[in-house]
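So that you can see what the record holds, here are the features copied from TrEMBL:
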type: COILED; residues: 419-446; note: coiled coil
type: COILED; residues: 560-587; note: coiled coil
type: COMPBIAS; residues: 9-27; note: compositional bias 'Basic and acidic residues'
type: DOMAIN; residues: 117-168; note: domain 'PAC'
type: DOMAIN; residues: 304-380; note: domain 'PAS'
type: DOMAIN; residues: 371-428; note: domain 'PAC'
type: DOMAIN; residues: 520-572; note: domain 'PAC'
type: DOMAIN; residues: 594-812; note: domain 'Histidine kinase'
type: DOMAIN; residues: 837-953; note: domain 'Response regulatory'
type: MOD_RES; residues: 886; note: 4-aspartylphosphate
type: REGION; residues: 1-36; note: region 'Disordered'
């Protein structure tokens, strides 16, 4: 109903317009300038009645209105007697004061603007009830142009009441949601051009959702899931929520988020939520609750249960549960194994149905005691397992219901059969140990050795055997004999020395061993207060506990005073004996040197005489044969003298090598040249097989030639006439293998291991026709080893020949100019032969005269001197080109004579050649320091001497 009171007050100065008949008013109220048909009016009236609405009209000029019966009923009024006419005061009085002004304003605006009037307002009926009215009207004009408003009104009290209830409910709901501990969010679907849901936009989130997401509502509202969450999680959520929107089926799930943003339960759980999602228009409403603690608790409970089940099923102990009647409720695999039955045949049965009656009775008695006492019970129980009696240690305790009443017995039984056996063995062992301890104690008292035992790692308490107390000269009643005893305890007064220094108490062997330092073969001297002293010898070792910790030490020592005195006497005797032996050895070396020197002089004379005889050719074949025999035997004797000297050098460690790069062919050639006379004399056949290319070694040419020459001589001596000798070489890897073979008498198996020993003479011949000193092969082994090689001998036995193998390291191939050059006599053997002035000086007249005679036959001009002073005078007058000077001269020795000759103008340029029976390296060095140009050992090799004189003589060292 329009608020006409305001309008009426605004136009009350106008005269009222009389109302027409009811029908005219009806036409005026519901029609327009064109009159509707009666049928249409009837239908409209029915429609309004059916909807509960009433119609009205208002004539602003007459200040009167018309209400239908439905409007009167809305206002709680009876229709007016004049036919539903109503004044503005009636409406204004019924209108709620708060709604009066807004309603009049809307009516005036609609009237002035000729627009629709729409308003909702409250009225108070005469019975005091409050009603809500919704009115809608429109301004119309009649045929005369007079305006009026017609409209309808509807009682919407029920609707408003429902809206109020809904608002209150919404407010309560919103307050509940906002204060809810559960997170709530409303999201609308985001669709692409095809209509497919591609995301969800946040429309609303409550405080709990903000707290769980750690984002404010402003940060979330309006943003999509893809904006807010990691891609994998957002994609999974969109897919699930779209299904809810499309199907209408709600989603209930637990969302578990792990550290790597996956659903993989193999990683650590980060958060867990209980999620509920329902469709809401074209979107969803989701609620979720943080159940992380619950899920983690469930996981821990599950893991604990799994661990407990794993423990029960995998433990070596038997675990079972029986009810109060003794029926099995639980039995782990070990129980099943003990009974030899599957679980299904154990559960629900009692012990009397499963084991022997006596065993079952014992089990039941213990179970009942647990139920009666309601306490833990530990008992040993026996049971037959696999036909044997086993002992179990059973721990039984009651299981209680929620009222604390026992309803079952749980037992854990461990098979201790082996332990019992071990305990029995341990008891027997302890008994044996006690017996051994008694025996040890008796042994300590009986043994002559002093035994000390430190009872603690600090050695505060040391006890000992009877001998120990006697050794330290303390009474047995002084139990502690420690030098590191605790303060207040008696300490032995003896002082202890080692290597002349007094030992501190903490450095004594027992104390060192107690610190974990074993002391073995320890010798010390104990000095007593009266000055007496003894020497003791022994060892001390740590004593350790069961875990390896130090708990003390033990030591055993014996008095070796008498032994030390005897040892000192023996040492003095040994020193005297060793000095005697060293003196004898020196005299032996001196004798060998002197013998070789003295032998060289007669050998030199014999060789010189042979040389002279060679120079005077004889027509007699017999004489020539004698010459050859003398020459060979003198040569053999010279070699034996050289070998004796080499043995002396070896035993004194004075054998020195002069190494250079050598070709194997040069070494073999020199050796064959040396051995050729002996080989030819026995009419042996010698074959030589060497590698095609050069084989370079680093060594002493003379000594390596001596090795092969000795082996060839050895083969020639022990092979019957016209035998077969072979010298071959083969390169393999970094060494060359040189073999000297013969088909001689062989070597007996018992002799073969000793053929290289010094002075070893085998019984290879009964008559010793081959002779020898037994040192040649010793020299071979020594020289080969000095060159870094090895030598070995082999033989099939007597009559099977022998084979000697030398292995020497080789060098990489060297240019020809780096290999050892021939000696001066080898370079210049083809040089012209000249007549020389030669002065021969030797105190052995025969040696000097025979050498002068031989050189004279060769065409040289010679002079002879027999002492130093005459040599200097003769040389000054003779002016020799070459002086062969013996070292061992009376008066002035050869070295001094050489120095004076060098100082004398007439002999300053002469070539000085030392002749001596001493051929050691030191002898050569001393000769060079004295001014000698060459050094020859007696007996002089005539071929070398002749070569020297025939060459253009230069200061080159020539050694025999």
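The backbone N, Cα and C atoms fix where each Cβ goes, glycine too.
Bear in mind that TrEMBL entries carry predicted annotations, made automatically and left uncurated.
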TODO: For the coiled coil (419-446), find every same-chain residue at least 6 residues outside the stretch whose CB is under 8 Å from a CB in it, and list them.
DONE: 391, 464-466
- [ ] Six or more residues out from either end of the coiled coil (560-587), which same-chain residues have a Cβ under 8 Å from its Cβ atoms?
- [x] 523, 533-537
- [ ] Measure from the Cβ of residue 886 (4-aspartylphosphate) and count the other Cβ atoms within 10 Å, all protein chains considered.
- [x] 27
Task: Secondary structure content of the domain 'PAC' (117-168), with strand meaning DSSP E or B - done: 12 helix, 29 strand, 11 coil
- [ ] For the domain 'PAC' (371-428), provide the mean pLDDT of the predicted model.
- [x] 92
Open item on the list: Please count the residues of the domain 'PAS' (304-380) that DSSP assigns to helix (H, G, I), strand (E, B) and coil.
Closed with: 41 helix, 14 strand, 22 coil
